[in-house]
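Visitor: Taken from TrEMBL, the feature transmembrane segment applies to 37-57, 77-100, 112-134, 146-161, 168-190, 196-214, 223-240, 252-275.
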Amino acid sequence: MHLAADLPPHRGRGGAGAGPIALASALLRRENHRRRALAGGAVLASTLLLVATPRLRHSPALHLFADMRNLLGVPNTLNVLTAYPLLLAGVPGLILCLCGSGCFGVSLRWEALGWFLFYAGNVAAAFGSAYYHLKPDDDRLIWDRLPMMISSSSLLSILVIERVDERVGLSCLISLLSLILVSSACERILDDMRLWVILNFVPCIAIPAMLFLFPPKYTHSRFWFLATGFYLLARFEGLADRKVYSVNRYFISGHSLEHLCFAMVTLILTVMLSFRNIKIARDS
């Protein structure tokens with residue numbers, strides 16, 4: 001390998017084993033540089049996008065969803081009811097997280113925290129989204145958005161913990177949760193939604209990229225790809241709310257399907273956690 005040729009000869013004691021040790025150390029340093037470069041590039045791209053994007057203000061149209069039918073006396077009926085599958089999918093996972101790592105294939109302490117926040121976000125989103133859709137307005141909007149942002153940010157941080165490094169993943173989790181609070185403040189006080197949009201956009205790029213760039217620590221990693229597919233589909237359906245509603249002849253809107261796809265993400269990941277085992281041993 002070219003890398004071995006660039007390494008200086010080892011002097012002193014160490015014998016024949018010094019060469020492979022030095023090579024492994026150099027490879028580890030190169031991998032760490034690669035990880036820092038990727039993280040720095042992601043932060044820089046997000047910052048440039050935030051600066052370059054004009055201010056995004058609230059619009060009354062934000063609360064006008066495609067399906068506003070009132071069935072059985074419940075306003076926006078399907079948008080309200082489709083939020084509760086998040087509760088059905090989230091509660092079992094939350095209970096298993098509280099039972100400890102013996103119930104789930106989780107080997108790292110901060111990884112367990114990430115999964116707890118993911119499931120807690122799903123459970124909170126079921127109530128928050130239903131509450132918002134009963135009477136959509138600016139005051140209730142935060143209860144719909146905040147839990148799902150916590151859930152998606154936790155999911156991204158879990159991947160960083162699993163596939164990159166536990167301390168880096170914990171830093172990512174704390175940073176994203178802090179930015180979520182800042183974005184909520186910007187939205188409420190400054191009437192600026194740019195940071196919120198970026199925080200929703202980042203997981204859509206970062207999660208698939210990490211699945212391809214970094215090897216899994218656990219078995220059954222194919223479930224990650226399936227869950228990511230449903231996650232991206234949910235985001236697409238939310239953006240194409242009216243188009244999806246018209247395509248299926250006004251049976252169910254894209255926003256309602258977004259809720260159901262998010263519930264599928266949670267269900268798929270719960271199945272994965274129930275079956276997986278450690279695939280690669282790695283020092284934490």
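Yeah, the Cβs are placed from backbone N, Cα and C, and that goes for glycine too.
What TrEMBL says about a protein is an automatic prediction, not a curated fact.
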Visitor: Sequence-remote contacts (6 or more beyond its ends) of the transmembrane segment (168-190), Cβ cut-off under 8 Å?
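Guide: Distant contacts of the transmembrane segment (168-190): 35, 39, 58, 110-111, 113-114, 117, 142, 145-146, 149-150, 153-154, 156-162, 196, 199.
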Visitor: Sequence-remote contacts (6 or more beyond its ends) of the transmembrane segment (223-240), Cβ cut-off under 8 Å?
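Guide: Long-range Cβ neighbours of the transmembrane segment (223-240): 152, 155, 159, 200, 203-204, 207-208, 211, 216, 254-255, 257-259, 261-262, 264-265, 268-269, 271-272, 276.
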